[in-house]
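Visitor: Sharing a structure below in structure tokens format, with a few things to ask.
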Amino acid sequence: MAAKKDKSVPDSKITDKEGKEKAVKDAMAAITKGFGSGLIMKLGEKSSMNVESIPTGSINLDIALGIGGVPKGRIIEIYGAESSGKTTLALHVIAEAQKQGGTVAFIDAEHALDPVYAKALGVDIDELLISQPDYGEQALEIADTLVRSGAIDLIVIDSVAALVPKAEIDGEMSDQQMGLQARLMSKGLRKLTGNLNKYKTTMIFINQIREKIGVTYGPTTTTTGGKALKFYSSVRMEVKKMGTVKQGDDPIGSEVIVKVTKNKVAPPFKEAAFEILYGKGISKVGEIIDAAVAKDVIVKAGSWFSFRDQSIGQGKEKVRAELEINPELLAQVEKDLKEAIAKGPVDKKKKKSKKEASSDDTDDENLEIDDAIDENND
């Protein structure tokens, strides 16, 4: 007896446009039904999954993530080079989670948390749960116990590289124990993933990068802890320091760019740039200035900045200082910026100056003269 034919499978390649569109929609619907939402989407589509989120403290990064922050009940990886701003970003997420009324735990495997800096970034250190485990298995067991309590909204583990397996700590320095940390992470994440989703607890892993030895083609760096974290993470963010923020000749912060290298809840590969000021964290005012200039809310002419036809300073640092001491002006800029964002993208066509317009008029006159000469010659 012949096998029953699946009517949803075409006999040959579909060539007409309407047929292709319908077939793609049907296939995407089947994938979503069979495997869950978020596994397939059009890269350029603006729609995202209806997922609750925790803001990151950066307006630009919240936009890049597509849902207004990091998703709840998921695993997040923040990775990058040393002193790139990974922990600072995680501390801002902690502060935002606490503002929402959430309970947060910080598992400090590196034993390097600075409570003074955390407080300066807005973290309520009196309410922050902190653990400094002795080895990797202990750290993940503590995390799992906290998740299963059903009372924790966010757990941050700093860092994956410091989650050293007990066997490695108890062993000799000369012992060759390959893949212990990778196996530890794989086993721990398998156990954690289901509970995180069940209790809507977000877990952020801070990770470091390492150079690949003997690589000629492809990426020259990788993250620690094996491949399990890459697989189980719903969102992965790479943090890079791009430059230094200066006030005169004095460095006062870092220019940072974050690339969303993986995103299961919205289209990935978006980037966000912002400034991290020493001792203060992410500069919200700096982000507002950049966004306002991009939307023509604040007009930049050379080094001068103006708002509503009134000069507000020369140089970005002076504008930042002016907005910080003048909350009413900052509120007006924010209001106009929100209205500009709601209107959609700014027309990128360059506005012609009087000189350019005059030049265009001259060119038109020359063309008319040339046309007249050609007609006479004919």
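Using the three backbone atoms N, Cα and C, a Cβ is placed for every residue, glycine included.
Copied straight from Swiss-Prot:
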type	residues	note
REGION	1-20	region 'Disordered'
BINDING	Gly80, Ala81, Glu82, Ser83, Ser84, Gly85, Lys86, Thr87	ATP binding site
REGION	344-378	region 'Disordered'
COMPBIAS	359-378	compositional bias 'Acidic residues'
Visitor: Need the DSSP three-state call for Gly85 (ATP binding site) to compare against my parser.
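Guide: Gly85 (ATP binding site) sits in coil per DSSP, no helix or strand.
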Visitor: How many other Cβ atoms are found within 10 Å of the Cβ atom of Ser84 (ATP binding site), counting all protein chains shown?
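Guide: A count of 23.
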Visitor: Using a 10 Å radius around its CB, how many other CB atoms surround Ala81 (ATP binding site)?
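Guide: Within a 10 Å radius of the Cβ of Ala81 (ATP binding site) lie 14 other Cβ atoms.
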Visitor: Long-range neighbours only, meaning 6 or more apart in sequence with Cβ under 8 Å: which ones does Ser83 (ATP binding site) have?
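Guide: Same-chain residues close to Ser83 (ATP binding site) (Cβ under 8 Å, separated by 6 or more) are Lys241.
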Visitor: Can you list the residues of the same chain, besides Gly80, Ala81, Glu82, Ser83, Ser84, Gly85, Lys86, Thr87, whose Cβ falls within 8 Å of the ATP site's Cβ centroid?
Guide: Val239, Lys241
Visitor: When a 10 Å sphere is centred on the Cβ of Glu82 (ATP binding site), how many other Cβ atoms does it contain?
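Guide: 8, counting other Cβ atoms within 10 Å of Glu82 (ATP binding site).
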Visitor: Do any residues at least six apart in sequence from Lys86 (ATP binding site), in the same chain, have a Cβ closer than 8 Å to its Cβ, and if so which, in order?
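Guide: Same-chain residues close to Lys86 (ATP binding site) (Cβ under 8 Å, separated by 6 or more) are Ile78, Tyr79, Gly80, Ser159, Ile206, Asn207, Val239.
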Visitor: What is the total of other Cβ atoms whose distance to the Cβ of Gly85 (ATP binding site) is within 10 Å?
Guide: 25
Visitor: Would you mind listing, in sequence order, the residues at least six apart from Thr87 (ATP binding site) in the same chain with a Cβ closer than 8 Å to its Cβ?
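Guide: Counting only residues 6 or more apart in sequence, the Cβ neighbours of Thr87 (ATP binding site) under 8 Å are Asp158, Ile206.
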